[in-house]
2 protein chains.
Amino acid sequence: MTPILNYVVSKWQALSTSDHASVVSINLFVALLCACIVIGHLLEETRWMNESITALLIGMFAGIVILLVSRGKSSHLLLFSEDTFFIYLLPPIIFNAGFQVKKKQFFVNFMTIMLFGAIGTLVSCFIISLGAFQFFKKMDVGSLDIADILAIGAIFAATDSVCTLQILSQDETPLLYSLVFGEGVVNDATSVVLFNAIQSIDLSNIDARVAIHFLGSFFYLFSTSTLLGVFVGLLSAYIIRKLYFGRHSTDREVALMILMAYLSYMLAELLDLSGILTVFFCGIVMSHYTWHNVTESSRVTTKHAFATLSFISESFIFVYVGMDALDIEKWSFVSDSPGTSVAVSAMLLGLVMVGRAAFVFPLSFLSNLAKKSADEKITFREQVIIWWAGLMRGAVSIALAYHQFTRAGHTQLRGNAMMITSTVTVVLFSTMVFGLLTKPLIKCLIPHPKLTTSMLSDPATPKSFSVPLLGSAQDSELDLDNLHVSRPTSIRAFLATPTHTVHRYWRKFDDAFMRPMFGGRGFVPFVPGSPTERGGH
Amino acid sequence: MTPILNYVVSKWQALSTSDHASVVSINLFVALLCACIVIGHLLEETRWMNESITALLIGMFAGIVILLVSRGKSSHLLLFSEDTFFIYLLPPIIFNAGFQVKKKQFFVNFMTIMLFGAIGTLVSCFIISLGAFQFFKKMDVGSLDIADILAIGAIFAATDSVCTLQILSQDETPLLYSLVFGEGVVNDATSVVLFNAIQSIDLSNIDARVAIHFLGSFFYLFSTSTLLGVFVGLLSAYIIRKLYFGRHSTDREVALMILMAYLSYMLAELLDLSGILTVFFCGIVMSHYTWHNVTESSRVTTKHAFATLSFISESFIFVYVGMDALDIEKWSFVSDSPGTSVAVSAMLLGLVMVGRAAFVFPLSFLSNLAKKSADEKITFREQVIIWWAGLMRGAVSIALAYHQFTRAGHTQLRGNAMMITSTVTVVLFSTMVFGLLTKPLIKCLIPHPKLTTSMLSDPATPKSFSVPLLGSAQDSELDLDNLHVSRPTSIRAFLATPTHTVHRYWRKFDDAFMRPMFGGRGFVPFVPGSPTERGGH
């Protein structure tokens, strides 16, 4: 491999034209992604590894090889760019998560998820900022103003939903998955509000009015982002249902679904909303309505194509981060004072752990108070896993750190360089060490995960194997029907919790108004020569 | 729509940050693509329209609106970039064409396709260059040297395979489709050789040695590009067959196929080969071997996902070209002398028609001489359609023209600006007018296209409806089997043409060595718990 790389790198350095350099980097990245898939497949049996760590290690290995071949000049072929990350890589991952999420689990735990995602992130951000402020005064870190300190809080308070997807399994631990992943989605909105607030609010006098203003803008942002996602999702369902796209072409249906999902994300970004929230809810609506209006082959195609796009984006992010982690420029400032750098990283990691503990356990307690039946409460062991699984910081943190600390020539400041390297250190350490230990930890704390899923009806998991073409996105609805059909008069179901009552009203509304309008399972009439199965384009 | 666009454009102009501008343009492009799909679907019944013209018109309409809203300042949000075109948009289109092509038709007509693609393009290029040289001397065009004149020949000699895909139907006129589209693929290699030759060979004294050198480099380029594509395709088949990817994840199989197909194109670009040829043959090999080694849901997914990607890329290109056509800067030079501009465009269009006629009819005659049975010969009416359908010039021509005439500040020269505008004019005129007339022309010349398909076995077309999940990519193989099984001792099949004998030997070799090694239809053993159907990722 080395002679080839040698040739590639020398060729890359010899040619100054940007387009040839990009051809070389694309080749290298695509080859590395192929390697990730093959090696990830071979390591599938190993319980300790997961795909993100494999990709991270492959990226770092490639970075080392490039570093050696280029004689210490550079370790990466592409600069890590926030644009690439937020515009191209993140949307497919979050959309697919919404598309494949078990909707029932998500909405049953909606209040807990909101608590964790909104209040939890604020608590965590506050603790990390306060801690960083206290510690940085004592350390020789460089010039960081109050806005930088608050930004550090926002950067490290955000749970990385991409990492969560890799660590927790929706099939094995559905409750934990929906709580931790849902929190990751909701706290994106919190982060956007926090970042805007840091830039606009006068930080010298914080009073009740500011707090109310802050809460107001959070709810405004949350509701508008959600509504935009729901609106675009419903629009796609309506268009595909009314126009019978399947009559002419399966490919057009798939193209329209992909494009409208992406449009929802980009519209949210254009209107300064939370793109992650929007595209997540767009995915949920599309899997609930649109997906049922398309032909059978479109269903199979969208299910796997979205998952594949998400998989490629995830691998790309981790290879990218691994390669970028070794960037020699970033470390040159830190090499003067390695002790301080290690201390800052360790301190931040500690603050992340404390900040997360400070909200997971109290808020779980609050959430348990609201639940009446014992098997719905979050046990202490589950709380430990929720705390642990949300400790990972990933590409989102790195992208935010680049955004805050590399603007407008600020890169050369010592404090900024230190923050970038500390972020990279925290991300690498948390992803690798916490990531590696999560699977064994879950095994150790919850030997039989099925018993803890706290679901009303039968667990949906086995169905994803018996109904392969429908898959997990639809299992939740099969469950909803079981619930709906088998115990319509059961008093226990009525009295269980308020969430379930809301759920029943939603079901009624869905059946009476939404499904006849937008389609959905069982509501797509068979029109001869219409959405039935036909050949290609 | 106008107030929204007004807002969007004003917002775009107000913000100078590049990332926000790109968010706006992505939004607009995605929305336009959605519009293309919906409008294209609504116009499906209209026999005269096709998707490329719809997309072109939508792009031009959007360009006019932006031009009005921005008060004549600009008509496009994205600059047309060759990189975007050759690196991201072209590969999925050509790969999908290879993946879905009827392999038998393609290889039976292989010699004719090579004649058209190699010799035909040379003849056409020569005639167009000579004509341009003669006419430009008499017109007031500006400074163009001999290399520019030859480049014009190369630019306008290339049939656009993307347009051909839109105009001809593989199911209705398989022979014409395979000839014209195959020619478009092969002449990409010719174009690369021509471009290199123009830059390296001393043009003042052309003798036999130069001609031999030229022929040699064409065959070198053709064979290495093809071999690279075949190699990557076989590698993907081998990896997926040996590692049983389906055991763990359908998504990984799909991701590996997409990534390796793209890798073949980028490797070819890296090694200065013809990426189009490489990715085309990679597609053929993948549909012959790899596709049979994956799970059932991967088959459905890849078939439709590749077609969808190709469809989106095609629409994107036409919207892009339509929007860019109105670019005000390009036309400012021309507005001084509109008469000359019209004359140059008309002259080029005439030369394209003459240049194509000069090789289609003689080469068809030559090709007919080699064929013994009457129903395999290309009739005169078919020759007319081949001539006509290959007249369209598309995004490839525009990209090549930008490459040649906008380098290093040359944009401001009058001759260069004239060439760019003439190329745009020729592309718009040929795509719209010739494109619109092709369907009626075929209807008029060949009232019952099925009779002219000159196939040995039953036509494959109806099968694509009766076997929907297998689709057109595999129909050709079903045919091959019919041929193989039903008449193994038929003397007529033996004596038919040399191509068929070669084909029989290939079948034997394929069955004996290739399929047991790389998989393929009927050669994937059923291993319990292996490539059988399972759920998702």
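Glycine too: its Cβ is placed from the backbone N, Cα and C atoms.
As annotated by TrEMBL, domain 'Cation/H+ exchanger transmembrane' applies to B:32-443. Per TrEMBL, the feature transmembrane segment maps to B:20-43, B:55-72, B:84-101, B:113-136, B:218-240, B:274-292, B:304-323, B:343-363, B:384-405, B:417-437.
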For the transmembrane segment (B:55-72) and the transmembrane segment (B:384-405), decide whether they are in contact, meaning at least 3 CB pairs lie under 8 A, counting pairs 6 or more apart in sequence.
no
Need a quick answer: max count of Cβ pairs under 8 Å to the transmembrane segment (B:113-136), which of B:274-292, B:343-363, B:417-437 is it?
B:343-363
Does the structure show the transmembrane segment (B:274-292) and the transmembrane segment (B:218-240) touching, where I'm treating 3 or more Cβ pairs under 8 angstroms (sequence separation 6 or more) as a contact?
yes
Using Cβ atoms and a strict cutoff of less than 8 Å, what residues sit near the transmembrane segment (B:304-323) while being 6 or more residues removed from its termini?
29, 32-33, 36-37, 40, 51-52, 55-63, 66, 75-78, 80, 85, 88-90, 92-93, 95-97, 99-100, 162, 165-166, 254, 258, 394-395, 398, 424, 427
Same-chain Cβ contacts of the transmembrane segment (B:84-101) under 8 Å, 6 or more residues past its ends?
78, 161-162, 165, 170, 178, 181, 185, 261-262, 265-266, 269, 275-276, 279-284, 286-287, 291, 302-303, 306-307, 309-310, 313-314, 316-317, 395-396, 399, 471-473
For the transmembrane segment (B:343-363): best-contacting stretch of B:218-240, B:384-405, B:417-437, by Cβ pairs under 8 Å
B:417-437
